[in-house]
Amino acid sequence: MPAANSRYMQEKQLRDDTADKEQSLLPSRSNHAGNLSQPEKKLQEAICVLLVELCERFTFFGIVCNMILFCTVKLGYRNYQAAIVNMCFVGTSMLTPVLVGWLAECLVGRIKLVCICMFLHFLGTALLPVVAFPFEDIYIDRRHILLHTLTKKEQKIVFYFALLTASLGIGGVRAIVCPLSAYNLEDCGPKELLSFFNWFYWLINLNSAVVFVSISYIQQSVARNLGFLIPFVSILMAMITIHMVRGEMIYKPKTDSSLLTTFGVIASALKTCCVRYHYFSGGVTNWLDHAKENYGGHYSEIQVESTKSLARLFPLFAFQILYRTCIMQIPSGYYLQTMNSNLNFSGFVLPIAAMNVISIVPLLILVPILECINSCLFSSKGSRHSPTIYIVVGHLSAALSVMVAGFSEIHRKHFPQVEQTLSEEVLRVSSMPCFYLAPQYILLGVAEALVTPSCSLLSFWLVPERVRGISMHFLTLFNGAGCFMGAFFVQTAHTGTQGNWFPHLLHEGKLERFFFFLASLMMVNTLGFWTIAHRYNNLNQEYTSEFRGSLPEEKLLKHDKAIKHYDSVLDCSPILSPMETT
């Protein structure tokens with residue numbers, strides 16, 4: 001125990017020295033931005049971070065919204081190949097923030113790395129028009145000009161390289177420029193946190209609705225190739241926003257813990273547990289305790305206890321993998337269904353990706369309603385309100401959505417086929433109006449409104465303050481795993497059934513069987529989460545005392561922080577969230 005305490009005091013002193021050094025190196029917030037008062041500067045920083053977030057999502061959804069149509073019609077991909085490419089890109093864009101965050105923390109400076117990532121994002125969004133734009137020959141002053149000189153293979157190489165660089169750039173923006181810690185949510189309670197996540201995702205989805213309507217129409221119309229220029233213009237807006245604040249929006253998070261420390265604790269515990277199992281099996285209450293210095297490990301008590309609190313959330317994260325696979329049907333299976341349905345509406349051809357707006361509308365409507373419900377439940381005395389019920393209902397809604405998609409596919413094939421022109425290609429599609437597919441989109445929209453903010457709340461609240469960023473990283477990792485799981489399911493279904501369950505021509509295959517299979521898995525997943533939901537039911541202080549503030553070291557840190565606040569040592573803080581300004 002003396003060794004552990006000594007090591008902790010050394011770590012604390014090192015953190016304090018590092019924080020003081022960084023504070024002296026970073027530009028002073030109090031002397032920057034002219035004569036603006038402190039609240040005005042904080043509001044300006046919060047607005048800039050939110051603008052960059054919206055610009056980044058604008059570019060992301062602009063790339064994703066019609067990728068399947070582009071891959072099938074222009075690159076000649078089969079349906080399952082286009083769906084896999086789309087899901088892998090989304091999954092990679094979810095995983096790169098974790099990688100870039102680690103690089104910024106351990107290897108490369110944050111300012112240098114964000115410049116590299118912005119260049120990569122610029123490069124990726126600039127290369128996409130190279131692949132998408134010059135497909136037709138043009139005539140200028142009666143002279144025939146061939147714009148496109150790339151072969152099909154070269155187009156695919158440039159396309160994949162552009163997607164890779166864009167995803168790396170997206171990771172840099174999400175991890176460095178606008179991480180969740182930049183909103184300074186440490187002092188918020190469960191009610192304020194759930195409100196923040198609800199409205200945060202509400203703004204993100206409002207932005208995506210604008211993208212799906214505008215960019216998808218431009219990409220699918222006569223000027224469709226210019227649609228890939230819109231992400232390019234949007235990232236320029238993000239770069240200008242970053243330049244306007246001159247680096248102040250590059251938030252420097254605390255380095256109390258890292259993913260490497262968490263994985264190191266787990267690896268050390270497993271190693272010690274395997275090597276000395278017979279000696280320590282009866283001496284510890286948790287297998288992760290083997291990583292403590294007192295039991296032959298290499299990590300302090302506070303590091304191990306923080307990892308234990310994260311490990312309690314792993315079941316919650318694991319049950320989100322299959323749910324994310326169902327959500328990924330919107331840009332894959334549902335997109336193919338819509339593309340093979342009748343898009344004509346009173347003489348106007350609807351953009352395929354515009355159907356995604358139907359899944360966003362329920363979220364935009366439900367968030368204000370859920371806010372009212374949460375305010376009443378959290379305000380009532382003795383309330384034991386927990387967001388786990390939202391997650392269970394959301395998972396059930398996702399399972400029903402995929403099941404409805406299967407029945408819709410059966411119904412769609414009963415309609416006679418007609419010819420429909422998409423991106424100047426004539427396709428044979430079902431005459432069933434695409435609006436018949438609306439119920440499955442609505443159910444997935446309801447699921448997203450219930451599940452995503454609730455999972456973010458639990459991941460953020462039920463862990464110590466020092467590892468909240470790591471907890472959100474793990475949630476992101478498992479969500480990314482859900483995207484790759486969806487790609488794996490599509491590849492397996494196509495290969496195992498010789499293309500019958502995920503066919504290229506939907507009217508000749510059995511896509512509904514794939515949906516029914518996924519719906520059955522999701523029902524089992526829902527029941528599985530329902531059996532463990534009681535672990536995360538109580539959000540009051542008594543329940544979270546075992547997660548936060550239970551260690552003597554953390555109590556000392558909080559006491560030390562309170563003394564500093566009393567003595568007015570901390571005269572500035574990071575960006576305030578909207579709840580903290582009220």
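Cβ atoms are placed via backbone N, Cα and C, with glycine included.
TrEMBL labels come from automatic prediction, so no person has curated them.
The annotation region 'Disordered' is assigned in TrEMBL to 1-21.
Per TrEMBL, compositional bias 'Basic and acidic residues' is recorded for 9-21.
Taken from TrEMBL, the feature transmembrane segment covers 84-104 (among others). Within the chain carrying the transmembrane segment (84-104), a Cβ under 8 angstroms from the stretch's Cβ atoms is held by residues 60, 63-64, 67-68, 71, 77, 110, 113-114, 117, 163-164, 167-168, 170-172, 174-176, 179, 258-260, 328, 331-332, 473, 476-477, 479-484, 486-487, 490-491, all 6 or more beyond its ends.
For 110-136 (among others), the entry in TrEMBL reads transmembrane segment.
Feature annotation from TrEMBL assigns transmembrane segment to 157-177 (among others).
Tertiary proximity for the transmembrane segment (199-218) is limited to same-chain residues at least six positions away from its ends with a CB under 8 Å from its CB atoms, namely 50, 53-54, 57-58, 61-62, 65-66, 224, 226-227, 230, 351-354, 356-357, 360-361, 363-364, 367, 371, 448, 452-453, 578. Taken from TrEMBL, the feature transmembrane segment applies to 199-218 (among others).
Annotation source TrEMBL lists transmembrane segment at 225-245 (among others).
The annotation transmembrane segment is assigned in TrEMBL to 348-367 (among others). Away from its own ends, the transmembrane segment (348-367) comes close to residues 65-66, 69, 198-199, 201-202, 205-206, 208-209, 212-213, 215-217, 219-220, 330-331, 334-335, 338-339, 420-422, 434, 437-438, 441-442, 444-446, 448-450 of its chain (Cβ-Cβ under 8 Å, at least six residues beyond either end).
If you look up TrEMBL, you'll see 388-407 (among others) marked as transmembrane segment.
Sequence-distant contacts of the transmembrane segment (441-462), counting only residues of its own chain at least 6 positions beyond either end whose CB sits under 8 Å from a CB of the stretch, comprise 180, 185, 190, 193-194, 197-198, 200-201, 205, 309, 312-313, 316-317, 320, 323, 326-327, 329-330, 334, 355-356, 358-363, 366-367, 370, 387-388, 390-391, 393-395, 397-398, 400-401, 404, 468, 471-472, 474-475, 536, 539, 544, 547. Positions annotated as transmembrane segment by TrEMBL: 441-462 (among others).
Residues annotated as transmembrane segment in TrEMBL: 474-494 (among others).
Long-range Cβ contacts of the transmembrane segment (514-533) within its own chain (Cβ-Cβ under 8 Å, at least 6 residues beyond either end) map to 315-316, 319, 322-323, 325-326, 329, 333, 388-389, 391-392, 395-396, 398-400, 402-403, 405-406, 409, 489-490, 493, 501-502. Summarising the annotation, TrEMBL assigns transmembrane segment to 514-533 (among others).
Long-range contacts of the transmembrane segment (157-177) within the same chain: residues 49, 52, 56, 59-60, 63, 75, 85, 89, 92-93, 95-101, 104, 110, 113-114, 116-125, 127-128, 130-131, 150, 231, 235, 238, 242, 249-250, each at least 6 residues beyond the stretch ends and with a Cβ under 8 Å from a Cβ of the stretch.
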